[in-house]
Amino acid sequence: MKGSWVVSTSIIRITLSFTFLFICHFSDVLAAPTRHLCRPEQKDALLKFKNEFEIGKPSPTCKMVGIESHRKTESWGNNSDCCNWEGVTCNAKSGEVIELNLSCSSLHGRFHSNSSIRNLHFLTTLDRSHNDFEGQITSSIENLSHLTSLDLSYNRFSGQILNSIGNLSRLTSLDLSFNQFSGQIPSSIGNLSHLTFLGLSGNRFFGQIPSSIGNLSHLTFLGLSGNRFFGQFPSSIGGLSNLTNLHLSYNKYSGQIPSSIGNLSQLIVLYLSVNNFYGEIPSSFGNLNQLTRLDVSFNKLGGNFPNVLLNLTGLSVVSLSNNKFTGTLPPNITSLSNLMAFYASDNAFTGTFPSFLFIIPSLTYLGLSGNQLKGTLEFGNISSPSNLQYLNIGSNNFIGPIPSSISKLINLQELGISHLNTQCRPVDFSIFSHLKSLDDLRLSYLTTTTIDLNDILPYFKTLRSLDLSGNLVSATNKSSVSSDPPSQSIQSLYLSGCGITDFPEILRTQHELGFLDVSNNKIKGQVPGWLWTLPNLFYLNLSNNTFIGFQRPTKPEPSMAYLLGSNNNFTGKIPSFICELRSLYTLDLSDNNFSGSIPRCMENLKSNLSELNLRQNNLSGGFPEHIFESLRSLDVGHNQLVGKLPRSLRFFSNLEVLNVESNRINDMFPFWLSSLQKLQVLVLRSNAFHGPINQALFPKLRIIDISHNHFNGSLPTEYFVEWSRMSSLGTYEDGSNVNYLGSGYYQDSMVLMNKGVESELVRILTIYTAVDFSGNKFEGEIPKSIGLLKELHVLNLSNNAFTGHIPSSIGNLTALESLDVSQNKLYGEIPQEIGNLSLLSYMNFSHNQLTGLVPGGQQFLTQRCSSFEGNLGLFGSSLEEVCRDIHTPASHQQFETPQTEEEDEDLISWIAAAIGFGPGIAFGLMFGYILVSYKPEWFMNPFGRNNRRRKRHTTTH
């Protein structure tokens, strides 16, 4: 008993002792000040990092992804704990910065090679997405060996990915998408064996994807869209068994779709659109049981509908548009019970309208336009309410009326039935009144009776967009116009090519109208003044009518952004009220009869105006200075402008197109324009430019036309070295395949001498390149560096004084379609290498001093004989072939040109002159003696003193 008491007492004493120590320690903790987590060297690194960039405008991409921009770094200061700063996360125990999230922080700056971010050694997450960072990724990233997530997407980073990226072996997520990276993907990326996410879309990568990418066995997302990858798709990707998303759209892949993709059994999303794939969809796709989205649009795929897809019952989106598929659509496509969107437009599908598609209850979007479907439009028995919201079946071979059963598609929001042969029956617009959700209706180019705009608009109470282009539309103005508020809410109205003669007065009450196209009609008179008072009107296309002027509005609304008035009969000065349209982005008044000078009041537009086209008018005077600083495109060709190019043009940093052709500009070559980093088209044709052009650095230039001026001198040997956009260096710069210069509502155009004739480029492809130096006084040799321009399509050096040989380096111009070196002083042989240019369809070597064998090859056999005339020393079977219809010389005769024929005629003339020379000289001497002896007044007056005066007068001028 006593022992138990001793043990209990000991336990109590020990317990009390521990309790006392705990209380004392806890008191010390309460009494001690709060410990700061942030380590000093970490704070110092972050503050230095903050000073490497500036706070600018929010990135517009943030709204696109639903993230609100916030200036996170404004909370960073010396007097606060860096672990509490916005975007900064620290390790709770060590105080080391482990995460840095600066996405959507409105930041602007460059990535420095000695960036202080390299001192954040324990950083695991770095997110600088959706800002305005630029420059190259530097080696400072290599120090961040603990990184597991790196996101630099949606910036302006450029250059190549360093091979050392493979050293970041802990990375699980790497997103570099939507930047300006270029070059090839380094094979070292295959060392990132823990990657689950790899995003490289929207850059300028080219070449082939390294096979080492097949080592990324944990990868679930691979985004490579919007680059210039080409060649064979690596079969090693077929081993990425965990891949769920594969994005390969907008590249330059060709050949057949690799069957190895069928091995990716976990694939959910597969995007292969906008490439050059051909053949059929592989049967191995039948293994993709998890696939929900498939997009193979804009390729060259063919064959019948791919039945292999019918087993993939999880498919919700299928896009086969813009291919070469044929045959009929199978009725058992209804087995795809989860199908929500089916796009098969612009193929060659045949048969009748596949009304069985309406059986699929989930179907929401259906696009079948641009096929060869025929028969009457029959929608079948639509018994249950349809979920269909989008239906486009235009541009087929359907005949007959629009069926009344369409009114049962009560959820329809967009409907396109253009190019329907209604057999001249009137359209019953009342059937559309049942479609309460209808927002967009396209009924262009119907073979129907006249549509009365005044009668049909009341049927559309909620319609936002209506396209009646290509129909015969009556817009007769009623005697009285109601002043009641409009019941319609149309925002976009397309009436192009409708035969309208008077401006539709009914539009006066359409206060919601924002987009109006009345181009290609016969509207006469003046543009009504009330049009400028519509509060929401931002786009107005008046082009190709017979307007003669503008009624001046009392007070124009400032909303107008696009004003297109080309090809009318406008006269007088450019209206001053246009200067009040301060939101104007595009102004096209080309092909009219405007006169006077360019209004100086246009200075009011300089902050927004991006595209100005005043070509083909009668404008005179000089160029105003400093009024178009934001311009992307300036075209004032075919006017009567004088003086020099304004030097203020060198400050137009956004300028891509400058066209001043056919004016009276007298100036030297504008070398100073080389400071414009975005300049792509330069046209100085048919002016009075003069002097040498020497070395001109235009790395972005795609088209240059300086023809028919007075330029002289020789071109340096290395003249074209820096013209990288026309060389192979510039081949892969753009992320998209086919694009045009211009904006969404306006495309640039120009006239260019191509293949011996003037050709109008209604739209300018961004991949189109041309050099025209013709009609000047250039001399010396053609620079060998011309051979660097491997992307060149048109080369015209004619009508100059070039000497020497045609450089064999022209044989490197594998994209060349047109070559003209005529009317020079070139000698030697035509280079055999030119015969290897498979795309060359036009060439002109005439009127030089060329000799030797004309190269063989199909390109030479398709030329005209006149392309070789004026070169006495040319011979060969190719020449005999192209000139056989002109004459057939004997085998021992030299090739005779029109020039030699003229020389023969001259010889005959001299022989005839010699025959008459003897009697003529005797008669002349006798007649002269009589005149000199008697000096008659009638002879001396007209041929003596007056003649001397005439000579002096002529010399003075």
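Glycine too: its Cβ is placed from the backbone N, Cα and C atoms.
Here is what Swiss-Prot says about this protein:
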TOPO_DOM  32-910  topological domain 'Extracellular'
CARBOHYD  ASN78  N-linked glycosylation site
CARBOHYD  ASN167  N-linked glycosylation site
CARBOHYD  ASN191  N-linked glycosylation site
CARBOHYD  ASN242  N-linked glycosylation site
CARBOHYD  ASN311  N-linked glycosylation site
REPEAT    361-384  repeat 'LRR 11'
CARBOHYD  ASN381  N-linked glycosylation site
REPEAT    435-459  repeat 'LRR 14'
REPEAT    511-534  repeat 'LRR 17'
REPEAT    535-557  repeat 'LRR 18'
CARBOHYD  ASN544  N-linked glycosylation site
CARBOHYD  ASN593  N-linked glycosylation site
CARBOHYD  ASN712  N-linked glycosylation site
CARBOHYD  ASN796  N-linked glycosylation site
CARBOHYD  ASN812  N-linked glycosylation site
CARBOHYD  ASN844  N-linked glycosylation site
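Sequence features annotated in Swiss-Prot and their locations in the structure.
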residue : record                      : Cβ neighbours (10 Å)
ASN78   : N-linked glycosylation site : 8
ASN167  : N-linked glycosylation site : 16
ASN191  : N-linked glycosylation site : 19
ASN242  : N-linked glycosylation site : 15
ASN311  : N-linked glycosylation site : 14
ASN544  : N-linked glycosylation site : 19
ASN593  : N-linked glycosylation site : 13
ASN712  : N-linked glycosylation site : 15
ASN796  : N-linked glycosylation site : 24
ASN844  : N-linked glycosylation site : 22
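For the repeat 'LRR 17' (511-534), the DSSP-based tally of helix, strand and coil residues reads 5 helix, 7 strand, 12 coil. Same-chain residues lying 6+ beyond the ends of the repeat 'LRR 14' (435-459) with a Cβ under 8 Å from its Cβ atoms: 389, 392, 394, 406-407, 409-427, 429, 465-476, 478, 487-488, 490, 494-495, 504, 506.
Sequence-distant contacts of ASN812 (N-linked glycosylation site), defined by Cβ-Cβ distance under 8 angstroms and a gap of at least six in the same chain, are GLY787, LEU788, LYS790, GLU833. Across the structure, ASN844 (N-linked glycosylation site) and ASN796 (N-linked glycosylation site) place their CA atoms 9 angstrom apart. Secondary structure of the repeat 'LRR 11' (361-384), assigned with DSSP and counted as helix (H, G, I), strand (E, B) and coil, comes to 0 helix, 6 strand, 18 coil.
Tertiary neighbourhood of the repeat 'LRR 11' (361-384): same-chain residues 316, 321, 337-355, 390-403, 405-406, 408-409, 416-418, 420, selected by CB-CB distance under 8 Å and a gap of 6+ residues from either end.
Across the repeat 'LRR 18' (535-557), the DSSP tally of helix, strand and coil residues reads 0 helix, 8 strand, 15 coil. Nearest in space to ASN311 (N-linked glycosylation site), taking C-alpha to C-alpha distance over the glycosylation sites ASN78, ASN544, ASN712, is ASN544. Residue counts for the repeat 'LRR 14' (435-459) under DSSP (helix as H, G, I; strand as E, B; rest coil) come to 7 helix, 5 strand, 13 coil. In three-state terms derived from DSSP, ASN242 (N-linked glycosylation site) belongs to neither a helical nor a strand segment and is classed as coil.
Secondary structure at ASN712 (N-linked glycosylation site), as computed by DSSP, is strand.
In the three-state DSSP assignment, the secondary structure recorded for ASN311 (N-linked glycosylation site) is helix. DSSP assigns ASN796 (N-linked glycosylation site) to a strand segment in the three-state reduction.
It is 61 Å from the Cα atom of ASN191 (N-linked glycosylation site) to that of ASN544 (N-linked glycosylation site).
Across the structure, ASN544 (N-linked glycosylation site) and ASN593 (N-linked glycosylation site) are spaced 14 Å apart at their Cα atoms.
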